[in-house]
Amino acid sequence: MKALAKLERAPGLTLTRVKKPEVGHNDVMIRITRTAICGTDIHIWKWDDWAQKTIPVPMHVGHEYVGEIVEMGQEVRGFSIGDRVSGEGHITCGFCRNCRAGRRHLCRNTVGVGVNREGAFAEYLVIPAFNAFKIPPEISDDLAAIFDPFGNATHTALSFNLVGEDVLITGAGPIGIMAVAIAKHVGARNVVITDVNDYRLELARKMGATRAVNVSRETLRDVMRDLHMTEGFDVGLEMSGVPSAFTSMLEAMNHGGKIALLGIPPAQTAIDWTQVIFKGLEIKGIYGREMFETWYKMVAMLQSGLDLSPILTHRFAVDDYEKAFATMLSGESGKVILDWTV
């Protein structure tokens with residue numbers, strides 16, 4: 001079958017032919033129709049330090065997808081041939097304490113689709129049936145293909161009550177931009193997002209941001225004054241992994257504020273801990289998606305009017321994958337979709 005793979009320990013990916021995967025007793029085989037390019041795939045493309053330490057070679061990658069079930073193992077229940085599905089990319093052990101307590105997103109033995117095992121940038125993908133998630137007919141293939149990052153945004157944004165709150169989001173990547181729409185959808189008052197990328201800040205405005213701030217030209221203090229915010233932000237969502245962004249967030253938080261961290265900063269990042277201690281801030285690390293509460297919330301929000309369509313900015317046939325990755329690398333895109341049906 002056709003697949004987009006890392007064949008060499010060097011930058012780039014290669015469109016190649018690989019063996020079609022086999023289906024185990026508890027697995028489903030999905031014929032892929034759409035995939036999306038993730039920031040993780042960009043790390044793999046660039047072959048940076050993280051990728052060199054993490055990604056087996058050779059292996060086809062990718063973990064944002066939608067498709068149709070074409071084969072099932074004999075033990076699979078609850079699915080039918082022809083079901084349209086996406087899937088949870090974190091395959092968990094089912095036996096550790098967190099898994100047995102229903103906290104599978106915290107499994108210490110997680111294996112990532114397209115990271116630690118063969119991925120979705122291929123004509124067919126096999127995953128455990130437990131990880132598959134049915135997509136309602138009213139949700140498009142393009143939207144279903146981004147349920148993985150949409151889930152990251154949902155898990156992060158809904159970690160705290162947002163109704164009537166002032167929310168600061170640092171980092172206007174696709175996940176941060178989707179978090180803007182989620183926060184507004186569930187009732188946040190002011191939603192402010194910061195970055196230095198004007199293209200993506202404009203996308204955030206289209207998604208409902210109260211203010212989209214280029215911090216190279218404008219300060220948060222000035223924005224807060226314009227919005228008549230005298231005490232600070234109630235909730236912070238750190239999506240960038242940039243130390244200076246986290247520092248500015250800490251300074252802008254109200255006493256008793258709550259912060260969810262999804263962005264991954266450098267290992268030895270220093271912060272002013274007095275901001276955390278004296279303000280009584282609550283900080284929560286976020287990893288992946290809650291299985292499968294986050295997925296149900298994603299569907300419910302889309303069915304109740306959440307509009308993510310502005311984030312879907314570019315579409316390419318898979319044969320044009322180099323153009324697709326170049327578009328993502330340019331920084332002037334939202335989510336980039338690869339079509340496996342043409």
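Residue numbering: from 1, along the chain as shown.
Here the Cβ of each residue, glycine as well, is placed from N, Cα and C on the backbone.
Since this is a predicted model, take the numbers as computed values, not measurements.
Zn(2+) 2 binding, as stated in Swiss-Prot, involves Cys93, Cys96, Cys99; the candidate among Cys38, Cys107 given for that site is Cys107.
NAD(+) is bound by Asp195, Arg200, Leu262, Gly263, Ile264, Ile286, Tyr287 in Swiss-Prot, and the record lists one more residue there from Ile175, Ile182, Ile271, Ile277, which is Ile175. By the criterion of other Cβ atoms within 10 Å of the residue's own Cβ, the least surrounded of the binding-site residues Cys96, Ile286 is Cys96. Reduced to three states, the DSSP call for Glu64 (Zn(2+) 1 binding site) is strand. Taking the Cα atom of each, Cys107 (Zn(2+) 2 binding site) and Tyr287 (NAD(+) binding site) are about 10 angstrom apart.
DSSP assigns Thr40 (active site, charge relay system) to a helical segment in the three-state reduction.
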